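Colleague: A single structure is presented below for examination.
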2 protein chains.
Amino acid sequence: MSGRREEILDAALDLADERGLAAVSMRAVADRVGVTPMALYPHVGSKAALLDGMVGRLLGGMAAELAGTEGDWTVRLSAYGRQARELAKRHPWSVNLLLTRPAVTPDAVRFVDAIYTALLEAGVPARLVPRLERLVSTFVLGFLASEANGRFAPGTLDPRGRRGQLPEGALPGHAAVARWLDLPSDLDAEFEADQADLRQLVERIAADAGASAGPDSRTLPE
Amino acid sequence: MSGRREEILDAALDLADERGLAAVSMRAVADRVGVTPMALYPHVGSKAALLDGMVGRLLGGMAAELAGTEGDWTVRLSAYGRQARELAKRHPWSVNLLLTRPAVTPDAVRFVDAIYTALLEAGVPARLVPRLERLVSTFVLGFLASEANGRFAPGTLDPRGRRGQLPEGALPGHAAVARWLDLPSDLDAEFEADQADLRQLVERIAADAGASAGPDSRTLPE
DNA sequence: GCTCATGGCTCTACACTGTAGATCTATACG
DNA sequence: CGTATAGATCTACAGTGTAGAGCCATGAGC
């Protein structure tokens, strides 16, 4: 059973990488494997399960990478974000799946655990670690999705092309930052700068906790 | 033309609110309007355009709310996040659309402009405003999507139910924060705490900029 | 050898999706 | 009256995921 299932997931992943997720129909996957469509079902129970299997494959690859990540917590936390982003760039179709189909595999749990460990090492009190992990991962997933889906594309929110639709003076903020909107955005640098800002946020929270009560105080949850 | 188009969008929005986005087929919308499916096309050009129209409707409603938001920048920035979250809770189907179909309507631009204005008022240098707006909005959209899609659901990442699959000691981070994982998560409080953390981040950036060169220095882009 | 059970496949079909293009219908205008 | 137009219906197509019946090859037991 496992041989055919792997073959099916391989085919689906290849199709998604070549032509995007919309190209991954059961018929297309079956064609690629060399069987008829209904033959997929004993191995992957449904289309939804196929998609979950595809995500599981990616997370498995990432978990292997993650296990080799060394350094202090800032280095590791930064590397985890970069690894997620590299994966999203190699497989743009995966981002929406990661956001819309929460993965509850052992590999996903390992990833969360790695972030927990880094935050604890940073001095974040244990009671704040789950929230901060969620904040950090939420930002990363949001960034990857925005990048993949074009929300950050140049000119997406540039209003100069729609001056006929909004009255003069309707966008004071844009007017004030106008000359910075012209610059090509470097999303690599931006992602790193954002990660650095979030790490500083983590440091500040750890420092506050150190100043008030120590790293694992028994105060009430926030 | 505008009467029928409004009717079609109303029908689509009602269907989505009642039964989710998957229920919004052209046939279902047409049934609700009382016409046959092909009759929708002169008014909304395609299914994709219908979805964009639905988003546009929501953003229009939010822009009206946003225009009435008053207070200093911290109050406003916080309120914008809350408004977005209220909208997502009233219309859970909208979140994935907002992330996957970047909206380039005047209302969307107005929303961005309001955040720009708040950041400028906070003292963030103009050259950093676009990046920080993207950071803040990325977090908010990511949070809303994660909430709507179940990523934050209790037990999603609780590994205690899968102890048979991971060796003892494989999750040191989880072990260290175990007792905080038992608590029911209050996502309202969490969202507010996260927003407060991001506002502090903004304050820190503004303060750094004030200390180094003033609010609109002519240094190179970051 | 034959029979039976099993796993894994094919075949046929269904309900559903978005939408193309031809045609119909009601209305307004000259 | 005839003509033009807007907006609808009708019919059909290509594609989607998947149900259920049946087929086929293989292995085990007699």
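Residue numbering: from 1, along the chain as shown.
Glycine residues also receive a Cβ, built from the backbone N, Cα and C atoms like all the rest.
Pulled these from TrEMBL:
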DOMAIN    A:2-62  domain 'HTH tetR-type'
DNA_BIND  A:25-44  DNA-binding region
Colleague: What residues in the same chain, six or more past the boundaries of the DNA-binding region (A:25-44), come closer than 8 Å to it by Cβ-Cβ distance?
Modeller: 1, 4-5, 7-9, 11-12, 14-15, 50, 53
Colleague: Suppose you look only at the DNA-binding region (A:25-44); what would the mean pLDDT be?
Modeller: 95
Colleague: With DSSP helix as H/G/I and strand as E/B, how many residues of the domain 'HTH tetR-type' (A:2-62) fall in helix, strand and coil?
Modeller: 49 helix, 0 strand, 12 coil
